[in-house]
Each structure stands twice: as C-alpha cells, then as structure tokens.
Amino acid sequence: MSDHDHGNLTIAALTQGEEAEGGGVRRPWTNAANVAVVGLFVIALAAVLHLGRDVLAPTVAGLLVGLTVAPIVDWMHRRGIPPALSSAMITLAIVATAAGAIVAMAVPIETWSSRIPEISAELESEWQEVRGPLERLKEVEKQVQDATNPGQDGTMQVAVQSPGIITAMVSSAPDISAHVLIFLATLYFFLAGRIEFRRQALASFVRFRRRRAAARMLRDIERSLSHYVLTITAINAGFGVAVGLAMWVLGMPSPHLWGAMAAVLNFALYIGPAAMAVILLGVAAITFDGLSAAIVPPLVFIGLNMMEGQFITPTILGRRFTMTPLIVFLSLVLWLWLWGILGAFLAVPLLIIGRIVLNHLALRAGAH
C-alpha cells in the first residue's frame, strides 16, 4: 500500500471516528449556513410578494374565493352542469352582487365622504375639550410663534378640500379595473379548470401514498376554507343587520350604510372594527350634541363586536378554527404590510391554509 493510500485511509478513519463520537451531529457552521439560506429565501420571498402585490394580491384573492365556492361547482357538476357554465354563473353572480351593493351605497358614501372635513373639525373640537389642561400650553406656543413670525399675521389661509371617495375611485379607475379583471379572470379559469388541474397535479406524484396524502390535503383545504368563509360571511351579515338596527334605534343617520360597512369591515379582524368605531364616532360627533352622546354609538358597536367575537363566532365555528390571537394578529400585520388593505382581508384565510398544510406535513413526518 502506498503512502498516499495509507493517508487517505487514516483521514477516513478519523472522520468516521469523529462522526461516531458526535453522534452524527452537524457542525455549528452547517446549521448556521442553513439558517442563513432560509433567511435569505424568506427575505427574497417577502420582496417578491411586496413588489408584485398589484398582480399577486388580486390573483391570490381569486384563488381563495375559488376554493371557497369550489364545493358549489362540484354540486352543480354532479347535476349535469359543465364546470365552464357553472363557473361563469358563479362569477357573474359575484359581479352582480358587488355591483348592486356599490350602486345602493354610492349616494350615502359620497354624501358622507364630502362631510369628512366637517367630521374632522368636530372631532378636533371635542378633543380640545378633553385635553383641557394642555390648552394653555398650546396658546403659549401660539403666542411664541406669533412673536417670532410677526409677518405672517396677514397671511391668507387657503383650505383645500379633499375629493370625495367616489371622485377618488373614479380617478383611480384604471388601477381598480385592472385588479378586478385579474381577480375575475383568476376566479373563472380556476373554477373552470380546477378538476383537470387537480388531476394533473396529483398524477405528478409517483408513489400512491404521497398522491393520496396530497389529495387529502387539497380536500381539507377546500372544505375547511369553504366552511370558514361561508360561515363567517353569514355571521358578518347578521352582525351588520344588528349594527344597522342598533344605529337606527340610536337615531344615527343612514343606519343601513353603517350596517353594511360593519359587515364588510368585520372580515378584516381588529383593523376593520377599529376603523368602524372611529367612523361611528365621527358621524355621531356631528349628529349629537356633546361628547357623552357621541360616544354611545361606537360603544354600542364595540359591545356588539365583542359579543360576536367572543361568543357567537367561537360557538358556531367550534374549536376547529380556534387560533391564537397573537398568531392571527401577526398574520394580519404581515399581509397588511405586504398587500395593504386587501392583505388584511386575506390574512385569516391564508393562515388557515398554512395551518392545514403544516398539520398534514406533521402527520406525514410522524408516520415515518
């Protein structure tokens, strides 16, 4: 045996000895490298999701809505209706419902959006009364500014009124139209070709066990997401009716508008109800006299929201969809940062899908 071969055997023996002593444990730098690779992948994925939000957000929204209504397409398919026709019917029904809601609420929304400056001024006035002791400090600050800038006393103040919501929507119509078209196209083509796409995706798995596991995971995603979204939609509709009736009893103007807005904003957990409470406070501030009367509508809304969130929704959905509030909040913050307001509405459905995938992966790992 040559010296070179003897050296190779010695190195191999030492390496095997080290692995035996360490129990096959990886080196620290190997783990650090893996963590670094995962970290770079997460950063790159977040950048892609954020930069491509104009396309990805409506696309994912279309896929989620498609998964939600997929059981309806299957039900219609079992009764002889082709997927292409049933998909078109469902898409048109969604368009008609959304268009009807927009037309019905356009006038009151435009009316109240034009009064936003008045609402802001009234809230500012009420806030000044609450601040109390700090008002003197503000007056002193104003006197100091007047003393240091005497030439600005005769300056004319020009107030620019912000455009209404409908006007702003018209000005941004091209972007909204593009998002709507992407959403509707994704929804229709997903529903129309879902069965064939699923068949081809499952056929890519060579082993029967993996194919069966993937089929079960897809089935659980569709059933769970459909059950959750449809149930939450029914709950939010009832919640909107309750809010509308409560606002009508309290003497709030346009109670049907606030009920509809409460139902829609309740899909965005935490952020939606908080925004609705602020809106009701502003409207009540210019409707009633005094802060004590103005805070009643938002307090009633908060009470109804707490009753819905703490008792009604958990009772109807059960423990199956119970999630840690911290995880829900972090998911909401993440998708709100990545995709804006639309991300806030998609946060919980995406979290449900992620949890189902992780549960199936954990079951598969436990089986091995």
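Every residue gets a Cβ built from N, Cα and C, even glycine.
Through the fold, the transmembrane segment (32-49) approaches residues 56, 338-339 of its own chain, all at least 6 residues removed from its boundaries and within a Cβ separation under 8 Å. Taken from TrEMBL, the feature transmembrane segment covers 32-49 (among others).
What TrEMBL records for 55-73 (among others) is transmembrane segment.
Within the chain carrying the transmembrane segment (85-107), a Cβ under 8 angstroms from the stretch's Cβ atoms is held by residues 65, 69, 72-73, 76-77, 166, 184, 187-188, 191-192, 257, 260, all 6 or more beyond its ends. TrEMBL lists 85-107 (among others) with the feature transmembrane segment.
Residues annotated as transmembrane segment in TrEMBL: 176-197 (among others).
Residues or ranges marked as transmembrane segment in TrEMBL: 225-251 (among others).
According to TrEMBL, the transmembrane segment annotation covers 257-281 (among others). Remote same-chain residues near the transmembrane segment (257-281) are listed as 101, 105, 108-109, 112, 123, 232, 236-237, 239-245, 247, 294-295, 297-298, 301-302, 305, 308, 328-329, 332, 336, 341, 344-345, 347-348 (criterion: CB distance under 8 Å, separation of at least six residues from the stretch ends).
Residues or ranges marked as transmembrane segment by TrEMBL: 288-307 (among others).
Marked as transmembrane segment by TrEMBL: 327-354 (among others).
Listed as Cβ neighbours of the transmembrane segment (327-354) (distance under 8 Å, sequence separation of 6 or more from its ends, same chain) are residues 46, 49-50, 53, 56-58, 60-61, 64, 68, 221, 224-225, 228-229, 267-272, 321.
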